[in-house]
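Undergrad: The structure that follows is given in the form of structure tokens.
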Amino acid sequence: MFLNALKAVFGTKNDREVKKYFKRVAQINALEGNYQNLSDDELKAEFAKFKEQILSGEKNENDVLNDVFAIVRETGKRTLNMRHFDVQLIGGMVLHDGKIAEMKTGEGKTLVATLPVVLNAMSGKGVHVVTVNDYLAKRDAEQMSAIYNFLGFSVGVVLSSQNSDIEHKQAYDCDITYGTNNEFGFDYLRDNMKFSKAEKVQREHNFVIVDEVDSILIDEARTPLIISGPTNRTLDGYIKANEVAKQMQKGEAVLPPAKPEGDFVVDEKNRNILITEAGIAKAEKLFGVENLYSLDNAILAHQLDQALKAHNLFEKDVHYVLRNNEVIIVDEFTGRLSEGRRFSEGLHQALEAKENVKIQEESQTLADITFQNYFRMYNKLAGMTGTAQTEATEFSQIYSLDVISIPTNIPIKRQDKDDLIYKTQNEKFKAVIEEIKKANAKGQPVLVGTASIERSEVFHNMLVKEKIPHHVLNAKNHEQEALIIQDAGKKGAVTIATNMAGRGVDIKIDDEIRALGGLYIIGTERHESRRIDNQLRGRAGRQGDPGISRFYLSLEDNLLRIFGGDRIKSIMDRLGIEEGESIESRIVTRAVENAQKKVESLHFESRKHLLEYDDVANEQRKTIYRYRNELLDENYDIRAKISQNIAEYSANVMNDYMLDESGSNVNFENLKAKILYECSTQISEKDFENLSVIEMQDKLSQILENSYNEKMLRLEIKELRNIERILYLQVLDNAWREHLYQMDILKTGIGLRGYNQKDPLVEYKKESYNLFLELVNRIKFDSIKLLFSVQFNQEEAQNLENKANEENEKLLQSSVEMGASEDNLGEAEFKKVPRNAPCPCGSGKKFKECHGKSGPKQGILA
């Protein structure tokens, strides 16, 4: 109460921030008359003057902001016949300050972006504008290019349909580059698999504006971008696990110390499966194993867990669809089909086994990054969306981004009515149909929002029975999305849409529809996130238009059933609500919002937890990529690095074969054999007589240096350095891929450390650090072994880089789409070998430590 009184007197923090921006808007408005009297050439000359001041360092962007914004506004009037409103100037300043501008639907975010884009492009370092799909990227770039071109800037677009690096490089070399989050992220990963700097397509990560920032940085935060390759693992386990899962009985969750009945319990809140002791015993019997959770059966246990999830947590036409005998993911936030994406950790294979379609092979991660860590690389990050305040805490804690709500140019007239809640879904469905009939009878357009494809088709069938013409927009027919959404505001239109409801495409209405009350939004279920509900509401009432929104709920809806239905049910029972009757109350609406807050909090903690783990891998990724970039630099002294590695290798090998610390007793027979095998070099025991430990290490290093120099004498220095660089890169890349595989295994099992009263995150940091130290040593020593073992003639040496690039390109082409396409490159004779058995190659190592290592080898290591 006291806080509300303070806000009434002093305003909210947001109000105070907006007030500051309005002061600067007045200064920009004062300049408008100066620039509108100039000719085109004079206006361009004025802008060029400010640009030169930025490039010379005489002034910075903040110094020239008022003039540049005034010039961009004038340019918009001349080229597009569009003048930036005062609130749009505020939006532009918010973006320039590296914050999130929350602007309602129809407020012109596309035009707003031109202000900070132009201001930040003046430094020549490039500006990226990110949208959620190719259509919007292309549309926005084409529409706004008139402003950019007038002021002398080049504009590029990065599209998924572009096949060549040349097109992408041309787009990134432009002053301003539009594209999707996926393409920007994948290009970054692909760049860090290239063998020369000239082949890289991206420039530095200077300034980025993310459109629909909540969708990209919140909804997709848990979906990493993955470039994947094939593994040699068998798929039979998924078929067995699917059969076992079908025979296991679901039990009900109980509070400890009581033990649940049945073979497993479904934890819907955390979307997890808990197998009971009885379930473990049954699974062991059905699989024919003694201990399901022994090390040898770890993969089988994991496959069973995924099979149970596939049967109990994932529904067809809700979480995925079947198309052409393939399991296609339905994005839970947009309702779109996610072509080319696959669930990770074997879940997709479990769903394929469940649906009895061809099981595609598992993939091995070759390179990955989350959107969280990709966008945090930029020197300055900003975003725009119509719905951000509900996630302001997460934006602040994860991305250090403040959210500023920008006032609308014209006040919102939409009526947001309280929810109507029914006891059962059937009652709710009937009530929705009746409401549609009423609105349709007078010609008022209706947009019906559903949470899944399944629900949209339920309403479709009911409307067909009522003979009400309508359109259905869901993942199965998303190709017509823009056309359907554009017509949704016409007289008599009834449109059923999943959450995808055309973000970025405005629903416009005419005066006749305004007189009928505007577009009527009917939500048939509350989403887990208030933000998604607000997006649906925001389809109506754009730019001061009238409109209505209302949600119809039932106690059988997932959100209420899992997170808060008991309280509402007790209220309905006390009020004696009969079948077919509903309850409408602010208390009930608040109870629903509290349930949503619980879910949002759970998801936030989940994303935060994942980021804590990913930050560990991210630091390692940055270290490896930084070193990889050094290797690509022609001025990098690769020869000095090789000499250093030879010295470390020599010290390491010598220590391995010393029988005492004094160095007087060395196993020279085994040492000679190892050096001959790994470095193709003969050594004599006499060379090491009467030497100290340090002297022996130095002597071995000197012998290997001389041997290496003699071996490479026949090659020209330039060719030699190029060979060394390419081979070193291949060793680094293969070692990094193997490291990612080991990190995946570590992450999968680390949660079990909690049962031993240890913090899994602390354990993960410790173990991953040890793995990283092993990785560094593997790169050093494997590069030495490889450089000593290769044999080249002049022609092979000259073609090495081309061959490496060709192999890399093949690997990328088979696996760029978020782990989509996976080809088995494994040798047939290795497929059936148990992981702990001796490797058939004769190395003497266990298969899992030799040819059983996951992931494709590349280049000369293949």
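In case you wondered, yes, glycine gets a Cβ from its N, Cα and C as well.
So Swiss-Prot lists the following for this protein:
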BINDING   Q88, G106, E107, G108, K109, T110, D506  ATP binding site
BINDING   C839, C841, C850, H851  Zn(2+) binding site
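Are these features on the surface or tucked inside, and what touches them?
TA: Sequence-distant neighbours of G108 (ATP binding site) (same chain, 6+ apart, CB under 8 A from its CB) are M82, F85, Q88.
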Undergrad: Counting Cβ neighbours within 10 Å across all chains shown, tell me which of the binding-site residues E107, D506 comes out on top.
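TA: Comparing the binding-site residues E107, D506, the most crowded Cβ belongs to E107.
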Undergrad: Hey, for the ATP site built from Q88, G106, E107, G108, K109, T110, D506, who else sits with CB inside 8 A of the CB center?
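TA: Not counting the recorded site residues, we get M103, T105, L111, V112.
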Undergrad: According to DSSP, folded down to helix, strand and coil, what is T110 (ATP binding site)?
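TA: Assignment for T110 (ATP binding site) reads helix.
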Undergrad: Kindly assign Q88 (ATP binding site) to one of the three DSSP-derived states: helix, strand or coil.
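TA: SS state of Q88 (ATP binding site) = helix.
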Undergrad: For K109 (ATP binding site), what residues in its own chain, 6 or more apart in sequence, show a Cβ-Cβ distance under 8 Å?
TA: G91, A101, M103, D211, M384
Undergrad: When you measure from the Cβ of Q88 (ATP binding site), how many other Cβ atoms are you left with inside 10 Å?
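TA: The Cβ of Q88 (ATP binding site) has 27 Cβ neighbours within 10 Å.
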Undergrad: Around the C-beta of G106 (ATP binding site), how many further C-beta atoms are within 10 angstroms, looking at every protein chain?
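TA: The Cβ of G106 (ATP binding site) has 20 Cβ neighbours within 10 Å.
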